[in-house]
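To start, the structure itself, in structure tokens.
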Amino acid sequence: MAVVSMDRQYLVARPLCSDDSISGQYGKLYRHHKGLLHHFKEYFLICDSQRVKNAALSLLPVIGWMKIYRFREWLFNDIVSGISTGLVAVLQGLAFSLLARLPPGYGLYTAFFPAMVYFFLGTSRHLSVGPFPVLSMMIGDVVLRLADNAPVNITGFEELTLEERRVVVASSVTFLMGIFQLSLGLLRVGFIVIYLSDTLVSGFTTAAAVHILVSQLKFVLGLNVDSKNGILSIFRSLEEIFRNISQTNLVDLAISIVIMVMVFIVKELNDMFKSKLPVPIPIEIIMTVITCGVSYGFNFTTRYNVTVIGDIYEAPFAPNVEVMQQSVVDGFITAIVGFAVAFSVAKVYAVKHDYTINGNQELIAFGVSNIFGASFRSFAASTALSRTAVQESTGGKTQIASLISAMIAMIVIVGIGFLLEPLPRSVLGALVIVNLKGMLMQFREICYLWRKDKVDLVIWVVTCASAIILGLDVGLGVGLGVELLTVVFRTQFPLCSVLANITGTDIYRDRKDYLCINEPKGVKIFRIPAPIFFANIDFFRDKLVKAVGFNPLRILRKRNRALRKIRKMVKSGELQKYLKTGYADAREDEGDIEDLDQPVDFSDLPFWVNWNGELPSNIYVPPVPIHSLVLDFSAVSFIDISALNGLKTLLREFIRVDVEIYIASCDAYVFEKLHNCKFFDDEITTSMFYPTIHDAVLHTLEEHPTSKHTIHSPAYTAHIWTISCKTSLFLCC
């Protein structure tokens, strides 16, 4: 092959190739692909020192980044970031525990134990592990269903108080969540998160933010109302709140409004001047300290009947197996959502700071973190976007910042937690609502998706609406179902097109998109931009028939019927005087419909028929306007058995009406699948496969020189002898 480079041009001189000629000339290798059993043996049964070392580094990523840790450059930044993040984690732990319907102290345990484990097992250097509002809300729904609303029919619940039952349910679901995550990580199926697209996660978290907002209204208003769960729970909760709105505690309401306004304003200032501020102003901490002092000084609990968080220390409870059995689905959904959110956030910071993360190891890290945490009072842990942003923006370089953050939570638990006992719960509710700003602002994506992608808009709206109306668990299932349906529809009904040559090039594009194009006469180039499988093989057939302008099976049957009439005419002597030799042995074939689908057989006749010529007046067969059909398989990534049989039948029908079939740019694995499934026979051969569309088109021009237009092909001549019979045209033997 000769290649000549020119200014923004290239010229390639090579012989016209088919896949067969390339395989023969360049020595194609037929490789043996490793099977599932081989991979299993290689992964589990082969062991050497290098594999042990790699396994240790994989299971304990802390070893890898600690070896390159720059103590002089990074340690101070990690300390500052850890302290800042720890203060935020303490408040978020207290606040998010209310979403899980647990005493506030359990949120501090969630900020401590999972972060300690993730320090050793996690691959992200910037993720702040701890409570996440959406997961807390999902845990709260299970707590409400199994601890509050359900009858006491679980072993061990008889002697427990309501609060203790809630803790057992939360820890049990978290333990089960960790088991699922650990199992998925060990099975190396971290790819499962790809089924939760960014659009779906956005719609789901937005709906969760609405649920969280409604759930915190009772704390902001100081109301003592029952929580609701299940279908339409958000509307029933609003109904309960408005029914008791007259009982609002004005002190709680005033505190909440002041907290929300002050925190919102300072957070906006932090965003405006983040390039000038060494660390963001810790407005949540400031307002919490002030409110604690005021509440203690003015004795809000006694004088104004304000509910405070009370005792921070809480006793641990072991997970309950019966609770796990009744919450398997909840545990799995929580595991997937928690990992999906954490992994998406981790990817953002990994790209920003140029390092890699391992999805399977992240599953293992979160699984062990939640199992360990559930054994020590904590509930479901993932990451909060705002907390991770604080850790990264304040200079955090590694998980040492998370370790220090966890230490801050531990100090509050065992040392100074009693100072937070006078804190009103309305303050925590107000902080939760303010921190929902980012998730609630995702409603703006509706306008963006409307302009960019209507299908993604449907996914977002359906997921969000169903999660709001039907509940988070059912809503996520509905959203995932709609998302998968869109993928099925996009592959089942792809945008097929007829291609044409862009004049003067070897490039082929949709003929509807360009003006300067060339379509060789009698050649049709068809492209299907999707895999071919059982669900779209009929669609593929319909689109191809529409593109070529005729149904090959219908033409084939008409030709066989016409041939029967011609045999009768020969037998009756009507055509004998036009033939060179006498003929009286034509068989009269009255076969059934299956015979009409067989190739046209001229073996018992001394001639064959030019079906595109003129036929006797009592015989009509629609002409076939093309002699060659080129199928562009460049986007066909796989083909299943059902589609393979349908494709073979379709190609035979075209071949039997004298249309030459060429398949261009077929993937090697698809070609191998065709070989293995005995796709090729006397009619369908490997010689019809070509490496490019242009190779296939040039070959058709060699075979049919009258089709030439502006595409060059070698000169070609032939002599065809014909005779006429009345109005029919026959080609002599």
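Heads up, the Cβ atoms here are built off N, Cα and C, so glycines get one too.
In TrEMBL, the feature transmembrane segment is placed on 199-221, out of the ranges 199-221, 429-451. The transmembrane segment (199-221) makes contact with the transmembrane segment (457-482), as judged by at least three Cβ pairs under 8 Å among residues 6 or more apart in sequence. Of the candidate ranges 106-122, 241-265, 332-351, 400-420, 400-420 has the most C-beta pairs within less than 8 angstroms of the transmembrane segment (75-100). At the 8 Å Cβ threshold, with sequence separation of at least 6, the transmembrane segment (106-122) comes into contact with the transmembrane segment (400-420) through 3 or more pairs.
By the Cβ criterion (under 8 Å, sequence separation of 6 or more), the transmembrane segment (167-187) is in contact with the transmembrane segment (332-351), since 3+ such pairs are found. Between the transmembrane segment (400-420) and the stretches 241-265, 277-298, 332-351, the greatest number of Cβ pairs separated by less than 8 Å involves 277-298. Counting only same-chain residues 6+ beyond the ends of the transmembrane segment (241-265), those with a CB under 8 A from a CB of the stretch are 214, 217-225, 283-284, 287, 291, 300, 304-307, 424, 426-427, 429-431, 433-434, 437.
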